[in-house]
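See structure below.
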Ligand SMILES: [Cu+2]
């Protein structure tokens with residue numbers, strides 16, 4: 001979004017006078033990104049959704065930007081090739097060329113159609129590699145969470161918060177509460193503090209699963225006998241939905257993941273009660289502000305403050 005706004009601001013310089021400025025201001029206001037940034041969000045698929053899911057953190061922002069870059073390169077190439085084909089069909093039709101040309105080589109053209117695609121691939125490769133290394137791991141994690149895929153539910157552990165662990169089972173359709181999403185809800189969500197860099201250590205108990213949350217830009221295989229690392233960060237409080245996306249068996253389609261990002265103080269309170277409940281052999285329960293209803297609004301907070 002930032003680069004879109006930047007582009008419109010660039011336009012302000014070219015469209016002179018108050019009309020141009022008012023137009024640009026209206027467009028920026030309509031985009032409304034900065035004002036809406038602190039509201040609780042729901043990261044989930046929507047009916048008739050186009051493109052990628054809404055972003056809840058920096059990794060997804062980077063994925064969305066890269067996706068936009070590649071998309072416009074594809075659009076440009078498609079238009080160019082289609083126009084070239086149309087021109088050739090018209091220009092070299094048999095009717096207008098009773099004696100066809102016998103040209104078979106053009107050195108400049110051949111060098112150009114080799115070098116230009118290479119340059120396009122380099123333009124794609126550089127941000128692509130940057131993104132791969134960016135999403136690979138975080139250097140200074142604020143928190144570590146263990147994720148284990150099992151047939152067919154998730155098992156989470158908080159080694160730095162009292163080392164409690166719990167299961168996260170899908171909610172069956174007949175048990176859904178009002179407003180809950182079918183096939184995407186769980187009984188015990190993963191709870192994380194907003195703005196924290198979270199190291200995710202992923203493994204599998206039985207077969208290969210995959211920990212996948214589109215709106216946070218996270219995906220890591222969960223492989224038995226191995227520990228794979230990745231990271232995530234939610235910059236906005238909210239509920240983020242995902243699923244196992246590695247075909248792992250008969251109930252593969254029903255391994256939902258729910259991550260609830262709450263303000264750090266609320267996370268600490270949740271972790272404290274989770275430790276207590278765990279000691280009593282109970283599951284951790286939902287975070288206080290989200291206990292009432294799924295996707296319910298949580299206290300808006302200043303992300304800049306949280307991140308220090
Ligand atoms: Cu699975």
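In case you wondered, yes, glycine gets a Cβ from its N, Cα and C as well.
Per TrEMBL, domain 'Cytochrome oxidase subunit II transmembrane region profile' is recorded for 44-139.
Residues 120, 123-124, 127 of the same chain, all 6+ positions outside the transmembrane segment (69-90), place their C-beta atoms under 8 angstroms from a C-beta of that stretch. Per TrEMBL, the feature transmembrane segment maps to 69-90 (among others).
Summarising the annotation, TrEMBL assigns transmembrane segment to 111-133 (among others).
In terms of DSSP helix, strand and coil, the domain 'Cytochrome oxidase subunit II copper A binding' (140-273) has 19 helix, 61 strand, 54 coil. Under the heading domain 'Cytochrome oxidase subunit II copper A binding', TrEMBL lists 140-273.
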